[in-house]
Amino acid sequence: MNWLYSKTLGSIGSCCIDTLPWPFHSFFQRNLLALPGEPGNPLESSATESGKQSRSCLSASPVMEEEGCEHSLQKNPTRQLPLDPGQELTKDLKEKKLTPKRLQLLLVGKTGSGKSATGNSILGRQVFESKISARPVTMAFQKGSRELEGKELEVIDTPDILSPQNQPEATAKKICDILASPGPHAVLLVIQVGRYTTEDQEAARCLQEIFGNGILAYTILVFTRKEELAEGSLEEYIKENNNKTLDALDVACERRHCGFNNRAQGDEQEAQLQKLMEEIESILWENEGHCYTMELPNVSSKTL
């Protein structure tokens, strides 16, 4: 009878296991196909043994902590298998503490792109001076902060640091002296819809000269005057505006972009903030919650 039970269950189990993502193969082959009363059956294993099994199936992930993994699987060792184990694994990983409680966001862009107005939209109040002017309005670094989704957002508005007239090395040192530790977790490169000009291209180039090519892994393209797109989507605008340079920049930033109507209120304002936070969470996840750092010439490695 035991032979028949084992044979039938083994055939069914093997078929199911073949459809699972790789981290679960060894776990289920070793434990869930065991007969009742045999060693290795998880329903008869102790909590300690369950913890050991969890480490073996997830130890390949560099962002998982052994203690956290063990704790999460001990809560319900007899829980039913999810319909999509891979999805639950991703959820468990993302629930790890990769998001700092305090996030520093750096606003950059050419003069007139709407940096200050975007900063005010993120903060939910008027903090930075914002007006239409042919000359730069923001003449110095300014900071504002707010609580959002249980996190403290520190938004830093910048003067015209991406001007081609500036010396990249001198600008980088000045930024390091002014910005507080731990440094920016995301850089918001502000671009006005419908006006991706040569100056915008120069601003993107200067951004990389100042911070290094690695900065694009922390950069989100923020398009202001989103309302001018009317019924069209931002994705369509980027891909169909016949501007290969803009599309290439978006690709370099891994398609992280969002649109802002800086006159929006209520639900529209909340929706665009939510989209921005999703892009920020994406950066934090990909970089394991670390802020951006760079090497300065003739200076030891310094955190921006």
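Easy rule for this one: first residue shown is 1, then count along the chain.
Using the three backbone atoms N, Cα and C, a Cβ is placed for every residue, glycine included.
If you look up Swiss-Prot, you'll see 39-86 marked as region 'Disordered'. Sequence annotations record features per position, and here Swiss-Prot assigns compositional bias 'Polar residues' to 43-59. Look at Swiss-Prot and you will find 100-301 tagged as domain 'AIG1-type G', backed by sequence analysis. Per Swiss-Prot, the feature region 'G1' maps to 109-116; the stated evidence is sequence analysis. According to Swiss-Prot, the GTP binding site annotation covers G109, K110, T111, G112, S113, G114, K115, S116, A117, S130, R225, K226, E227, N262, on the basis of similarity to another entry. The region 'G2' annotation in Swiss-Prot covers 136-140. The feature region 'G3' is assigned by Swiss-Prot to 157-160. Annotation source Swiss-Prot lists region 'G4' at 224-227.
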Sparsest Cβ surroundings (other CB atoms within 10 Å) among the binding-site residues T111, S113: T111
Cβ packing number for E227 (GTP binding site), 10 Å threshold: 14
Sequence-distant neighbours of G109 (GTP binding site) in its chain (C-beta under 8 A, six or more apart): K115, L162, L189, V190, I191, D200, A203
Greatest C-beta neighbour count within 10 angstroms, which of the binding-site residues K115, A117, R225: K115
The region 'G1' (109-116): DSSP-derived helix, strand, coil residue counts: 2 helix, 0 strand, 6 coil
Integer average pLDDT (0 to 100) for the region 'G3' (157-160): 88
Maximal Cα-Cα distance (Å) across residues annotated as binding GTP, namely G109, K110, T111, G112, S113, G114, K115, S116, A117, S130, R225, K226, E227, N262: 20
